[in-house]
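Remarks on the structure that follows.
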Amino acid sequence: MKGMNSFLVTFSLLALVSTLASASDPSSLQDFCVALDGTKHAVFVNGKFCKDPKLVTADDFFFSGLDKAGNTSNAVGSRVTPANVDQIPGLNTLGISLVRIDYAPNGGLNPPHTHPRATEILVVTKGKLYAGFVTSNPDNRLLTKVLKTGDVFVFPVGLIHFQFNIGKTNAIALAGLSSQNPGVITIANAVFGSKPPINPDVLTKAFKLDKEVDIDPMKGVQHFLVVFSLLILGFTLASASDPSPLQDFCVALNSTKHAGIFVNGKLCKDPKLATSDDFFFSGLDKPGNTSNAVGSKVTPVNVDQIPGLNTLGISLVRIDYAPNGGQNPPHTHPRATEILVVTKGTLYVGFVTSNPDNRLFTKVLKTGDVFVFPVGLIHFQFNIGKTNAIAFAGLSSQNPGVITIANAVFGSNPAINSEVLAKAFKLHKKMVEYLQTQF
């Protein structure tokens, strides 16, 4: 009987709090779980209290201000402006966030750091950056690339990485991260600035330093050089959105040559043959052609464009919208939450919750505004301005998938029986047949 009671208690606890995770942040069991700081009108899910869904508004998925430059007048010459669950409570449980990074001219640095819970996919929107990451022990390979405007680079989860402005003007980048709260460990600060300090004997031996060296005040150029010494340590913490990898990365292959293992749906290149080009894409500075029926163009940067994204649980898109009504029509991403920032123009955006409520949440977004579309929900963007508009979006899967509602329903191959659609949409059969000819 005691055994049965123990089982029932354990089962009850598991029913309340499940910590199994194969998504970036623990997988949600509802459309969203808007974070609360208090317990009123709340339940506890995935580490944050959830607001009563009936009290949720579009503002819970909205943030304004990524058009504003960060103050780079500091020791490293950079500023990171986050849009995570602390700024957008609707991101809770949805496994993605966004940052803007500003870099001062002539050496502005986002110093070597790790994100223990997220892969990062970064696009340069202005300037020129020298960027790179270091693999884990024992190889500790440094993979670097010079990035210009429109270039994209991937930093795998948990690995030490950096960006350095090698241009004479300020630089700007936007980055998606595959966690609502990716965490940041700035290596120099953590090792030489911990509270209380790490025993100097430990650091002296770890970094092969003379004990007479004054470790604590390392700043400026010396600070930077010491940080690079730390690159030999490497990190392998992993908690990615698509099934969690068991290695630093798994660069996708289209053939079996140099492969031999099959992970998460893609063949993996031998890690010793991986190069920085496997984590790189160029071209997001170029506008997409919007001369089509819907007046928009999505330019994806997923595992098909960047094979190094394989297993890392994130991707990026640029979306261009024609003036006066260009739209990204109602669609879903079956495997990803989307976090979108407008970089030009004005968009009317929204999403619809699942049955039975089917609530519509909408917002008008201007340049610098951010909005979240929860995984699997039908959503759209519509250009209400008189000029073209541009947005960038991070998605919490290396291959998020897209289901454009009208195309899937009325343009399937073979066609769905017209009687099924007539009844489902309460339309005359002839109207359904007409719609099917349009797709």
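Yeah, the Cβs are placed from backbone N, Cα and C, and that goes for glycine too.
Please treat TrEMBL annotations as automatic predictions, because they have not gone through curation.
Predicted, not measured: the structure shown is a model, and the values here were computed from it.
Taken verbatim from TrEMBL:
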- 1-23: signal peptide (SIGNAL)
- 64-214: domain 'Cupin type-1' (DOMAIN)
- Cys250-Cys268: disulfide bond (DISULFID)
- 282-433: domain 'Cupin type-1' (DOMAIN)
- Asn328, His333, Glu338: oxalate binding site (BINDING)
- His331, His333, Glu338, His379: Mn(2+) binding site (BINDING)
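Taking the centroid of the Cβ atoms of His331, His333, Glu338, His379 as the Mn(2+) site, the other same-chain residues with Cβ within 8 Å of it are Thr332, Ala336, Phe351, Phe373, Leu377, Ile378, Pro400, Val402. Excluding the listed site residues Asn328, His333, Glu338, the same chain places Val317, His331, Thr332, Ala336, Leu340, Phe373, His379, Ala393, Leu395, Pro400, Val402 with Cβ atoms within 8 Å of the centre of the oxalate site Cβ atoms. With respect to Cβ neighbours within 10 Å, the binding-site residues His331, His333 differ, and His331 shows the lowest count. Between the CA atoms of Asn328 (oxalate binding site) and His379 (Mn(2+) binding site) there is a gap of 9 Å. Every protein chain considered, the tally of other Cβ atoms within 10 Å of the Cβ of Asn328 (oxalate binding site) stands at 26. In this structure, the C-alpha atom of Cys250 (disulfide bond) lies 23 angstrom from that of His333 (oxalate binding site). When Cβ atoms from all protein chains are considered, those within 10 Å of His379 (Mn(2+) binding site) total 21, not counting its own.
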